[in-house]
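First up is the structure itself, then whatever we jot down about it.
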Amino acid sequence: MFSIVSSRPKSLVRPNSRSIVLPALVALTSIIFSKDNRLADKMESGKLHYKDVNSTFNVDKPYKSRSKPNYPGHVPLNAFEKLLMMAGSSIGSYLHPERNEFIVGLGESTAFTPVLRRLQRQMLSDPVGRQILRERPRITSESLDLDYLRSLPKNTIGSAYIQWLDREGVSPDTRVPVRYIDDEELAYIYQRYRECHDFYHAITGLPIIIEGEIAVKVLEFTNIGIPMSGLGGLFAPLRLRPKQRERLYGIYYPWAFKSGLNSKPLINVYWEKILEQDINEFRRDMGIEQPPDLRELRRKQKKLPEPERENAN
């Protein structure tokens with residue numbers, strides 16, 4: 001008799017499926033999230049793995065790159081940044097006219113290219129203007145021999161200039177370099193205008209007190225056309241006392257308009273070359289009248305009886 005051998009296989013031990021699936025999921029998750037974490041780290045540091053220079057997704061480069069400076073000290077600004085600077089400096093200049101940084105910012109942000117191009121054409125059409133653009137002189141205490149100016153006769157431009165500097169306690173070195181005008185030559189033209197400002201005070205005798213500054217600004221605007229000067233003449237008097245506005249509107253504005261419109265272009269004056277010239281002769285040649293002494297008018301106002309000098313400065 002044959003023994004019957006069971007065909008049933010022997011029982012095998014089945015592994016727990018969870019013991020395989022769970023570690024696999026953990027490993028897969030670790031791989032995925034580890035990669036995501038590394039990617040996030042690179043995104044945070046600005047270093048993604050797109051190294052193809054032709055790739056449009058290469059974010060190693062900044063999202064927006066600033067233009068390269070066109071000259072030493074130049075700070076390129078886009079249109080929105082210039083608009084913000086103009087708005088902020090306008091408010092700052094009105095509230096704090098003594099703060100030079102607001103005046104500087106307002107001047108450069110409103111020095112529109114068409115205005116400077118017009119001045120450029122004006123200079124290029126004049127022999128002296130062309131010489132200034134070619135040589136690009138700077139008005140500083142180093143370029144001007146201040147001790148020599150003190151030795152000049154009292155009736156000369158150089159003597160009037162140094163006397164005005166000493167009387168007002170200012171220096172030619174107080175004019176900061178232009179930074180926010182993009183074109184190099186236009187930046188120099190504005191720098192030249194800025195550095196010549198004290199000569200306009202000197203030939204007119206106007207002091208640096210607020211009324212004198214406003215009067216010179218109106219003269220500059222009517223002759224040179226710098227927008228900031230016009231804005232100063234328009235809005236600065238609003239902060240003055242009634243008597244100060246009366247002096248400006250009644251005496252110095254008519255003088256500034258007449259002299260500015262009748263005078264030859266002040267931007268074409270090579271001041272460094274005419275320091276020994278008679279100042280009265282210069283005024284006649286240019287067509288500039290000397291205004292009344294502002295400080296003397298203020299002194300007379302203060303000597304008036306109290307009811308008559310009400311609101312005087």
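Our numbering is plain: 1 for the first residue shown, then up by one each step along the chain.
Any Cβ shown, glycine's included, is placed from N, Cα and C.
The following features are taken from Swiss-Prot:
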BINDING   His197, Asp198, His201, Glu213  Zn(2+) binding site
COMPBIAS  303-313  compositional bias 'Basic and acidic residues'
REGION    290-313  region 'Disordered'
Entry from the binding-site residues list His197, His201 having the most other CB atoms no farther than 10 A: His201
Asp198 (Zn(2+) binding site) CB neighbourhood, other CB atoms within 10 A: 22
For Glu213 (Zn(2+) binding site), nearby residues of its own chain (Cβ under 8 Å, 6 or more apart in sequence): Leu206, Gly232, Ala236
Neighbours of His197, Asp198, His201, Glu213 excl. site residues, C-beta within 8 Å of centre, Zn(2+): Phe199, Tyr200, Ala202, Leu206, Ile208, Gly212, Val216
Helix, strand or coil at His201 (Zn(2+) binding site) [DSSP, three-state]: helix
